[in-house]
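Engineer: Per Swiss-Prot, NAD(+) binding site is recorded for 71-76, 105-109, 129-130, 142, 151. As annotated by Swiss-Prot, Zn(2+) binding site applies to 184, 247, 264.
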């Protein structure tokens, strides 16, 4: 078992990584007898894990309720959020209640946002069931919902009291879902750790066959990298922006397609290549590393081009609404020099971005 602490003074919390974490109630669960818990999950995860986790909690003396939501990024919405609030209010849950988000990034984001806003803030625990959520979405306190005009435009920073990462759940993922998580893993390496990128080049095949020691190391390394950034910049006002590599382009893809056709990881993978090509046009990155990135994404089963139906104009319409953009100026996180280094480039020329998107898609 691995334990990583997110260091945020009084709001510090543990990330626990191990297999078989749903078998026994272990002391690292930050719950006490008679705590009131509401398990929030979706209709894909519920048939596999809901009863297992709920029965574990009940056997341990935890008062446990449940709420099953529809699956899908398109359901990360105000309507679904209201469903959670209605459940909590009808059952008279008070501020001592603890929510547990059992699912992927969508469940984690919306459960966290419900916790951030219900009665001005209650506690919650993240139990991520996808690789993407385990290495990224469940960590760091970003919570929120989508709007038809943009992804994650409504949200709050609200840290969980724990993140419980059970490696066993990865065996139930499709290859598409697993590859989606690999996009965020590759992002960490490009942005922060060239040695980790080299490790991924050597061990990607081990990850694809779910080799447990490789998974443990990989997920732990991603959590360590993100923890180091969050400890410095919890609210995304400085260095945390490096974690947005590829996301301005990728969020444009998701928004344009209505959050239903491409997964988050697929969108980010294409977005990473667009960021790489933008950096090449700015003469701040090298072709050799660009080829390594493209090859690793391809080996991971991820797209290295955007959707055929999107034009560069479509991208720019959404990218100008990005949270990092100001007054229509495009502020983009781009690779610089070599793998392991990125920086925010401010007011990037729109025409250059359009050409970079075309470079990627041709």
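Glycine is no exception: its Cβ is also placed from the backbone N, Cα and C atoms.
Give me the structural setting of these features: burial, nearby parts and distances.
Structural biologist: In the shown protein chains, 30 other C-beta atoms lie within 10 A of the C-beta of residue 107 (NAD(+) binding site).
DSSP gives residue 264 (Zn(2+) binding site) a helix state. Take the CB of residue 264 (Zn(2+) binding site) and look out to 10 A: across all protein chains shown you find 27 other CB atoms.
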Engineer: If you run the three-state DSSP split on residue 151 (NAD(+) binding site), which class comes out?
Structural biologist: strand
Engineer: Cβ within 8 Å of the Zn(2+) site's Cβ centroid: which residues qualify beyond 184, 247, 264?
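Structural biologist: The surrounding set, listed in chain order, is 132, 136, 183, 187, 246, 250, 265, 267, 268, 271.
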Engineer: So, in DSSP terms, is residue 105 (NAD(+) binding site) helix, strand, or coil?
Structural biologist: helix
Engineer: How long is the line from the C-alpha of residue 151 (NAD(+) binding site) to the C-alpha of residue 247 (Zn(2+) binding site), rounded to the nearest angstrom?
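Structural biologist: The separation of the Cα atoms works out to 10 Å.
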